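Asker: Quick one: the structure is below, and I'll ask about it shortly.
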Amino acid sequence: MNDFPWLTIIVVFPISAGSLMLFLPHRGNKVNKWYTICICILELLLTTYAFCYNFKMDDPLIQLSEDYKWIDFFDFYWRMGIDGLSIGTILLTGFITTLATLAAFPVTRDSRFFHFLMLAMYSGQIGSFSSRDLLLFFIMWELELIPVYLLLSMWGGKKRLYSATKFILYTAGSSIFLLIGVLGISLYGSNEPTLNLELLANKSYPVTLEILFYIGFLIAFAVKSPIIPLHTWLPDTHGEAHYSTCMLLAGILLKMGAYGLVRINMELLPHAHSMFSPWLLVVGTIQIIYAASTSPGQRNLKKRIAYSSVSHMGFIIIGISSITDPGLNGAILQIISHGFIGAALFFLAGTSYDRIRLVYLDEMGGMAISIPKIFTMFTILSMASLALPGMSGFIAEFIVFFGIITSQKYFLISKIFIIFVMAIGMILTPIYLLSMLRQMFYGYKLINIKNFSFFDSGPRELFLSISILLPIIGIGIYPDFVLSLASDKVESILSNYFYG
């Protein structure tokens, strides 16, 4: 066990520091904003320092582990630890949350509570990624939902209450299946509950019971990922939420579902995952085509980007269901890659809305001359989303392709068919992204607002855009940095399977 409680401090610090903000003056909007940014930067630096000096890349076992008895009556432990699977998502969470707080500068109504909720969400997300106890994972999973619901219901568009209610119904409803799975898997085979993930990974179950557990966890994670047909909350939520909240949703929240699929379904229930993986492969392939073909029909800019997220998550599902070293590594790389790209696109959509106050693409047009910096960044990041070589999306999708090709689980004819359908999805992606750029920035100037003058991207927006663009290009040029973090853990997970 680690001598110093690094992870406990990293998890508790944001929400504790955020609670102090509630005692700051009511009219101190700037104070609240800068205080929150300082907390996020300090948290990110603390996380980076702890990982740089304590994390060993060649060790697939749990590191920085902490194990404290929390509630004696329930025999409940506070177990924390990280490995190659969680370190990338934790660093991504810190980076995106810091930029999202900077993006939230225009928020003035109840800004103190808004920023507190962002910090509470930060703690819940890091807690989920670093939990080594199944019940603690569930508690952190639920803790993170409360601030998200409040952020969605209090700040956003006219239909924000509808979208927030839809979000909480989907996520809270699926959490019932998660809780049943947690209780079932921990109580099976012993009088005392076993909630330690390391012990549960070595446990075996009857086939029927393992399938039931797998389905319960799958429903919970499929809603968050999202996997079709449980995705319908996502476009509505993104369409109404404030763009800083959208950055957190696209950059981190969706990745929690994919993380859960690998951490619990794939690692704890390998036999059931082996049985369900062909179905997941089919669903992931359909998801790419469905979302890519639905996206061009969306008038709302943020809904179009939301459907692109659904399409890109399909590659993660395919990588996970390939049960190969390249496939799973590609899925993890896509989790990180899309975290940056999705957050960047929603930020740029939000900054565009701040200037023109329009969300419908058919009402826009000819903005390239008026806002050239935003146009340039939007174009570059759209290219990243359609997997342009040299960007992180390209290498992630290429590795997933390679994972399917090398998979020993599937017949050659089925692999050829899956790759063919995936290729069609990749062809459809430029269609909806390039048509989005054309409707926004090219053609005649359709915006007809009296006494309205555009102002281009300021230093804050430019700094944010470049900050997200740099890791996208960096990962695209040198993906080994991200792949090396998880490679040993991936091998450890796949050792439970008989092919790979």
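Just so it is clear, glycine is given a Cβ too, placed from its N, Cα and C backbone atoms.
Heads up, here are the entries from Swiss-Prot:
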- 4-24: transmembrane segment (TRANSMEM)
- 35-55: transmembrane segment (TRANSMEM)
- 113-130: transmembrane segment (TRANSMEM)
- 134-154: transmembrane segment (TRANSMEM)
- 211-231: transmembrane segment (TRANSMEM)
- 242-262: transmembrane segment (TRANSMEM)
- 272-292: transmembrane segment (TRANSMEM)
- 305-325: transmembrane segment (TRANSMEM)
- 330-350: transmembrane segment (TRANSMEM)
- 386-406: transmembrane segment (TRANSMEM)
- 416-436: transmembrane segment (TRANSMEM)
- 462-482: transmembrane segment (TRANSMEM)
Asker: Should anything in the same chain at least six residues away from the transmembrane segment (272-292) have a Cβ under 8 Å from its Cβ atoms, list it; otherwise answer none.
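Answerer: For the transmembrane segment (272-292), the far contacts come to 207, 210-211, 213-214, 218, 227-228, 231, 265-266, 307-308, 310-311, 313-318, 320-323, 404, 409-410, 418, 421-422, 424-426, 428-429, 431-432, 497.
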Asker: Where among 4-24, 134-154, 242-262, 305-325, 330-350 do we find the most Cβ pairs under 8 Å to the transmembrane segment (416-436)?
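Answerer: Against the transmembrane segment (416-436), the leading stretch is 305-325.
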Asker: Can you tell me which of 4-24, 113-130, 134-154, 211-231, 330-350 gets the most C-beta pairs within less than 8 Å of the transmembrane segment (35-55)?
Answerer: 4-24
Asker: Cβ pairs under 8 Å with the transmembrane segment (113-130): which stretch of 4-24, 211-231, 305-325, 330-350 has the most?
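Answerer: The stretch I would name here is 4-24.
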